[in-house]
Structure formats: C-alpha cells, structure tokens
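Per TrEMBL, the features are as follows:
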SIGNAL    1-20  signal peptide
DISULFID  C30-C45  disulfide bond
DOMAIN    59-208  domain 'Cupin type-1'
BINDING   N104, H109, E114  oxalate binding site
BINDING   H107, H109, E114, H154  Mn(2+) binding site
Amino acid sequence: MASYVFALVVLVLASTQAFATDPSQLQDFCVADNTTNVFVNGVVCKNPALVKADDFFFSGLDKPGNTKNALGSKVTAVNVNNLFGLNTLGISLARVDFAPYGLNPPHTHPRATEVLTLLQGRLYVGFVTSNPPKLFTKTLNKGDVFVFPQGLIHFQLNIGRENAVAIAALSSQNPGVITVANTVFGSNPAINDDVLAKAFQVDKKVVDHLQSLFWTENH
C-alpha cells in the first residue's frame with residue numbers, strides 16, 4: 001500500500017510539472033488566430049490552410065527602442081501577441097535598450113525563465129530568491145549571458161556612460177511582466193495604504209505620496 005501511495009505521489013508531481021509550462025503543440029504549428037473572440041488557455045489556432053510565411057516573421061529588432069523616459073530603458077517584446085507563429089512553441093524574446101545609467105526596474109515574469117545576452121555596453125544585473133531572500137548579482141560585459149529563473153524578481157542597470165543593448169530569450173510564448181513598484185504603488189484601484197504602510201513599515205504619508213506618482217512603464 002505504501003509503495004502504491006508513493007508511486008501515486010510521484011505521478012501527480014510529474015504531471016504537475018508537465019503541465020506547469022506553455023501547452024505543447026500537437027501538430028507542426030498552431031499559428032495564433034487574433035481575429036477570434038473565443039477565450040482559451042493560450043490562443044486559438046488559425047486554419048492551417050490560411051497560414052502564411054508572414055505569420056512566422058517579425059521585423060524591427062534592429063531599431064533602437066526609445067529610452068527617453070524616467071527609467072532610461074525600453075523593452076521591445078516579440079511574443080505571441082505580435083508574432084503569431086510563436087503560439088504553442090513556448091518561446092519568445094525581447095530587445096532591451098538602455099540609455100547611460102538606464103534601468104530595467106525590478107520585475108518578474110510569472111510564466112518564463114529569462115536568458116539575457118548583452119550585445120553592447122556594461123550592465124549590473126541580479127535576481128532575488130524567494131523567502132528567505134538572497135541576492136545574486138553580476139556585472140556583464142559584451143557577449144556575457146545571465147539567467148533569471150522563472151518568477152523571481154530581477155533587474156538590469158546600465159553602469160556605463162554609453163548606451164547598452166541586450167537580447168532576452170524567454171521560455172514562454174507570453175511570459176508576462178509584473179513590475180514591482182508599478183504593481184504595488186500604481187495599481188488601479190489602489191491597494192489600501194494601511195496594508196502597504198504596515199507591509200513596508202513606513203508612515204502612511206509615504207505610501208500616499210508614492211501612490212500619487214505617475215509610474216513609468218518601459219514595455
């Protein structure tokens with residue numbers, strides 16, 4: 001009986017792991033149909049007879065993103081929302097541009113691990129583990145690669161006097177992004193300031209001030 005229960009637990013855990021990622025394709029491709037009103041976990045497939053080469057094509061990553069914002073950074077994402085052929089393939093990417101001392105602020109991708117490759121410049125990058133929190137950081141130079149595990153808070157800061165450019169590969173067709181400061185202090189409707197004051201152990205006036213600010217997005 002004990003061995004049966006153990007085998008059942010292993011099977012459940014294995015099944016949970018298997019279904020904890022993007023759905024796998026059951027045919028050669030499943031190009032996203034952005035014209036349908038049907039809601040599913042993912043995106044409905046386009047009729048294969050109507051699929052064209054352009055469904056697998058995206059142009060524009062050679063163009064620098066506009067970093068003239070409060071953060072000094074711009075993320076140009078390529079995912080299932082603008083490259084429909086990525087549907088069910090479990091992958092996407094992004095170009096990240098940084099002005100001198102620009103920041104891609106602390107954020108998470110709830111559905112993806114990120115692999116960042118630095119093409120130009122110098123970045124200070126890092127991520128924080130779940131509780132108890134531990135910080136892992138590294139200074140990247142041209143050609144260096146760094147991995148940010150799925151769901152963990154991470155950031156990138158340009159520590160050079162010149163522009164920096166990186167390419168990020170992500171293990172989901174739609175990785176999502178949760179920017180920590182924007183989410184906590186810029187949500188709509190706002191989180192009760194009593195909650196945030198106690199969580200951050202600061203005066204409510206500090207919370208009220210932060211909630212009154214305009215929170216910049218770089219995506």
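Cβ coordinates come from backbone N, Cα and C, glycine included.
All annotation found in TrEMBL is predicted automatically rather than curated by experts.
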*Including all protein chains shown, what's the count of other C-beta atoms within 10 A of the C-beta of N104 (oxalate binding site)?*
28
*Select the closest residue to H107 (Mn(2+) binding site) from the following recorded positions, measuring between CA atoms: C30, C45, E114.*
E114
*By Cβ count within 10 Å, point out the most packed of the disulfide-bonded residues listed: C30, C45.*
C30
*Are any of C30, C45, N104, H109 (the recorded positions) within 10 Å of H154 (Mn(2+) binding site) when you go C-alpha to C-alpha, and if so which?*
N104, H109
*Cβ within 8 Å of the mean position of the Cβ atoms of H107, H109, E114, H154: remaining residues of the chain near Mn(2+)*: T108, A112, F127, F148, L152, I153, P175, V177
*Work out, from DSSP, the number of helix, strand and coil residues along the domain 'Cupin type-1' (59-208).*
22 helix, 59 strand, 69 coil
*C45 (disulfide bond) to H109 (oxalate binding site): how many Å between their Cα atoms?*
24
*Give the sequence-ordered set of same-chain residues, not counting N104, H109, E114, with Cβ within 8 Å of the centre of the Cβ atoms defining the oxalate site.*
A94, H107, T108, A112, L116, F148, H154, A168, L170, P175, V177
*May I ask for the distance between C30 (disulfide bond) and N104 (oxalate binding site), taken between their Cα atoms and rounded to an integer number of Å?*
32
